[in-house]
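Enquirer: Features from TrEMBL:
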- 1-48: region 'Disordered' (REGION)
- 1-11: compositional bias 'Basic and acidic residues' (COMPBIAS)
- 26-48: compositional bias 'Basic and acidic residues' (COMPBIAS)
- 124-202: domain 'DAMP1 SANT/Myb-like' (DOMAIN)
- 243-401: domain 'DNA methyltransferase 1-associated 1' (DOMAIN)
- 258-305: region 'Disordered' (REGION)
- 258-267: compositional bias 'Basic and acidic residues' (COMPBIAS)
- 403-468: region 'Disordered' (REGION)
Amino acid sequence: MATGADVRDILELGGPEGDAASGTISKKDIINPDKKKSKKSSETLTFKRPEGMHREVYALLYSDKKDAPPLLPSDTGQGYRTVKAKLGSKKVRPWKWMPFTNPARKDGAMFFHWRRAAEEGKDYPFARFNKTVQVPVYSEQEYQLYLHDDAWTKAETDHLFDLSRRFDLRFVVIHDRYDHQQFKKRSVEDLKERYYHICAKLANVRAVPGTDLKIPVFDAGHERRRKEQLERLYNRTPEQVAEEEYLLQELRKIEARKKEREKRSQDLQKLITAADTTAEQRRTERKAPKKKLPQKKEAEKPAVPETAGIKFPDFKSAGVTLRSQRMKLPSSVGQKKIKALEQMLLELGVELSPTPTEELVHMFNELRSDLVLLYELKQACANCEYELQMLRHRHEALARAGVLGGPTTPASGPAPAPAEPAVSEPALGSDPSKDAIIDVVGAPLTPNSRKRRESASSSSSVKKAKKP
């Protein structure tokens, strides 16, 4: 039969020494079996810092082992904040109301201000900012030997240098304070020229041989011309200002037209070069043997510019392709060219989509490329003819107005069609002769005239190609 000691051993209970010795179970052992364990656990209990809480905030908390934080701030040195301003027990430096003089003033004026007593008798600290110009001083002998001038007397020169020292070379103020009643009336440029001439002369005389001199040079003539130009610019009338703006606008237009003509001439030259290159390539292809034809084609293809008609894509990728895809026009060809090409093919009696055999595809693509090249050449030729007619019209108008100074001569070639009058450009207070002189370079084309001319040139090119 189990005893009480066995039960306590099974339940891990430890009673008092008396009870343990007698081997009996008391009431306290049954009701409070975990009392000793709770005491031990309370002694070893520690708090962990929650996640998200800063260390400084967690340090303000307290547990059973720590003292509670104080409710009022204390003067102890322990803590997060320390006293930054440590006031000593020394005496404050005394200040004193004392007089002072400014060395920059020559009248000996006396002023008063607060200053530390230790600085009594020292110079005024702001006197170091007084900067003066070093005006040269000459003697009587130097003046008679080097500085004598018939247009200037010595008294007048002395008066000029005295004012230069007083007003620190501010020549506008010097000219205002100059004694024009006692001496001859002088301009600002005359005063500057006399002063800098004397400075340069004295520097040359007093210079040590072998040293580089920085001699000031004043060009009085240039200064006078500059002021005259400024006065003319300031005294312009509103009509003159408007005329100048108009001339500048016309100059910009002339430059823009010049750039446009140069660009057109470059495009035309590219087209001509492309046509010549294509013709030369075909001649070489006909003369070359059939076996070496593919190699020569590959070698000569890079020499042809992209502007030679139409550049059809090469389908050399792996996979099955239809031969009719080689007849599709590339996306670089515009809609206007496509419509003109279709019209030319219809007038020539050529189908728009023939049977795509190997020979037909090759010849059909070459025909369309030549037609597009012909269309571009006709368009460029029409542009040049139109510009030539415009220049011929303006030349005749200028000759009739007598601007060119010669008799009017009839223009050679076919007479231009009087379809569209020249558009006159707005002018600010200008006469027609001035417009004719400025607009000799040529007027830009209007959108409607350009469209009509392009359609007419395309139709005429088709008719000419259709004729035998």
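In case you wondered, yes, glycine gets a Cβ from its N, Cα and C as well.
Keep in mind that what you see is a predicted model, and the values were worked out from it rather than measured.
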Enquirer: Residue counts in helix (H, G, I), strand (E, B) and coil for the compositional bias 'Basic and acidic residues' (258-267), per DSSP?
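Expert: Across the compositional bias 'Basic and acidic residues' (258-267), DSSP assigns the residues as follows: 10 helix, 0 strand, 0 coil.
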Enquirer: Do you know the DSSP helix, strand and coil residue counts for the domain 'DAMP1 SANT/Myb-like' (124-202)?
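Expert: Helix (H, G, I), strand (E, B), coil: 48 helix, 2 strand, 29 coil.
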Enquirer: For the domain 'DNA methyltransferase 1-associated 1' (243-401), would you mind checking the mean pLDDT of the predicted model?
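Expert: Summing pLDDT over the domain 'DNA methyltransferase 1-associated 1' (243-401) and dividing by its length gives 78.
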